[in-house]
Amino acid sequence: MCGIVGAIAQRDVAEILLEGLRRLEYRGYDSAGLAVVDAEGHMTRLRRLGKVQMLAQAAEEHPLHGGTGIAHTRWATHGEPSEANAHPHVSEHIVVVHNGIIENHEPLREALKARGYTFVSETDTEVIAHLVNWELKQGGTLREAVLRAIPQLRGAYGTVIMDTRHPDTLLAARSGSPLVIGLGMGENFIASDQLALLPVTRRFIFLEEGDIAEITRRSVNIFDNTGAEVKRQDIESNLQYDAGDKGIYRHYMQKEIYEQPNAIKNTLTGRISHGQVDLSELGPNADELLSKVEHIQILACGTSYNSGMVSRYWFESLAGIPCDVEIASEFRYRKSAVRRNSLMITLSQSGETADTLAGLRLSKELGYLGSLAICNVPGSSLVRESDLALMTNAGTEIGVASTKAFTTQLTVLLMLVAKLSRLKGLDASIEHDIVHGLQALPSRIEQMLSQDKRIELLAEDFSDKHHALFLGRGDQYPIALEGALKLKEISYIHAEAYAAGELKHGPLALIDADMPVIVVAPNNELLEKLKSNIEEVRARGGQLYVFADQDAGFVSSDNMHIIEMPHVEEVIAPIFYTVPLQLLAYHVALIKGTDVDQPRNLAKSVTVE
């Protein structure tokens with residue numbers, strides 16, 4: 001959601017800012033802008049509704065010269081998508097970009113109007129610009145003005161501020177929205193995501209909650225919200241921006257679906273040794289903590305929530321550990337009873353999901369045994385703030401609709417199940433079966449991907465549909481949830497998922513010839529029950545699309561289309577059956593003509609509530 005890039009250097013920084021914004025496009029946005037100041041304090045600001053490319057074209061027509069600048073991609077919250085609402089926002093000589101939501105912007109706006117300030121946008125960000133301007137008029141430096149302004153803001157923010165009268169300094173403040181400083185030689189940078197800065201530096205400082213940073217070409221000084229100087233460690237990043245080229249694929253999502261066999265191989269690399277799962281990366285004290293676990297609480301949002309739902313079946317049936325999964329935005333606003341020796345597991349592709357982070361922070365006050373993050377971004381807030389962390393190593397995921405991040409999360413979770421089963425002294429065959437299944441998984445998915453053309457033809461049946469129903473049983477029910485989420489995200493077809501046994505409790509009323517019903521049907525102990533549910537749909541004229549194990553005994557008929565899947569080990573079946581549903585959603589979206597990689601109203605990383 002939104003993106004920030006800032007730079008202060010001796011050279012012109014406009015192209016650095018634009019390239020940074022291009023690398024943040026995957027996060028989702030509706031407008032873009034930048035402001036550059038030269039050594040004499042002359043500021044040029046450009047803003048455009050639409051893509052970064054439109055902003056870049058404007059910059060070609062109106063060349064920008066200056067060594068200090070800030071840039072932003074906006075995902076509308078307060079105020080419609082428009083050029084007037086695009087960042088940066090200006091109050092005389094104060095220029096501001098901001099990610100997050102200022103919850104008390106309305107009373108602040110009224111107070112500032114009473115002081116004579118005029119607002120030209122509908123955004124909460126303009127409040128920050130005028131507030132800093134007002135505080136600066138009361139005396140002191142820009143840093144002192146920011147220190148006085150920040151406590152007046154309620155909500156989440158990551159903001160970068162410059163004063164055109166002093167173009168040798170940038171100020172940044174972070175509370176609930178990530179910011180990272182990039183360190184150069186005689187130049188420094190700041191962004192909301194380190195990906196934006198990889199072309200110019202590999203050295204980073206991640207700001208912590210409440211930090212305020214004063215950045216010049218040759219120095220970075222960081223203060224807490226009382227104004228006391230603090231030290232933050234700089235790190236060398238080995239993160240690769242390896243997804244910038246779609247190659248032979250039409251969309252990043254398609255590319256990332258096809259990358260899943262290799263992504264899972266990367267997830268497994270170095271983590272299986274002598275037939276056992278090796279998670280020694282967790283550190284020397286991890287086994288002591290994990291051996292005490294009597295309950296697992298999982299927090300996540302969106303696709304990550306669905307992966308947590310799958311793992312609940314695994315933790316309970318394979319490791320014998322009770323597990324609860326909760327939507328992070330619900331967990332943080334209710335009073336919960338913490339089970340004894342409960343491990344908090346958080347799931348997030350980006351590691352910056354606002355509600356998940358807030359849930360993690362809350363859990364530290366509630367007496368959990370410890371916390372473990374499963375994440376795709378090293379150095380992210382979730383990773384830094386958790387006791388333990390496991391990286392999915394999926395590589396950069398650009399498409400807003402998650403694919404390889406989901407399957408690699410499940411891969412890590414299944415390895416964790418194996419590890420816990422061993423620590424609990426359970427039968428060694430449990431870990432053996434998990435390891436065997438995971439080692440076979442990449443080749444199984446490659447087999448499945450060979451059916452892409454058949455699924456593409458199937459997708460044509462959905463071209464005129466407005467609704468769809470997904471069904472699954474057991475650990476395939478969360479896969480049905482994920483399939484429905486993918487379809488609605490990128491094709492804009494209203495899709496819902498149900499546990500198949502719930503059909504008679506309401507959803508059966510929806511069944512008619514215009515309601516496609518998608519079913520996942522591996523050959524497991526629930527297959528006969530599932531077949532009964534399928535017959536209930538057939539009897540009412542529903543159009544069935546069944547992704548079934550080749551040995552499940554299904555036969556196609558007029559209103560039941562069988563898509564045979566290769567037989568796979570039961571333990572990896574949820575991961576495997578995810579992939580055809582991803583392909584179905586992708587091809588339906590192509591037929592519908594939607595923006596597959598950046599679907600309307602959605603953002604890749606949800607860094608606000």
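Just so you know, glycine gets a Cβ as well, placed from its N, Cα and C.
Keep in mind it's a predicted model, so treat the numbers as computed, not measured.
What Swiss-Prot says about this one:
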ACT_SITE  Cys2  active site, nucleophile
ACT_SITE  Lys604  active site, for Fru-6P isomerization activity
DOMAIN    2-218  domain 'Glutamine amidotransferase type-2'
DOMAIN    286-426  domain 'SIS 1'
DOMAIN    458-599  domain 'SIS 2'
Confidence summary (mean pLDDT) of the domain 'SIS 2' (458-599): 92
Cβ neighbours of the residue listed as 'active site, nucleophile' where a neighbour is any other Cβ within 10 Å: 27
Structural state of Cys2 (active site, nucleophile), classified by DSSP into three states: coil
Residue distribution over DSSP helix, strand and coil in the domain 'SIS 1' (286-426): 64 helix, 28 strand, 49 coil
Number of helical, extended and coil residues in the domain 'SIS 2' (458-599), per DSSP: 68 helix, 32 strand, 42 coil
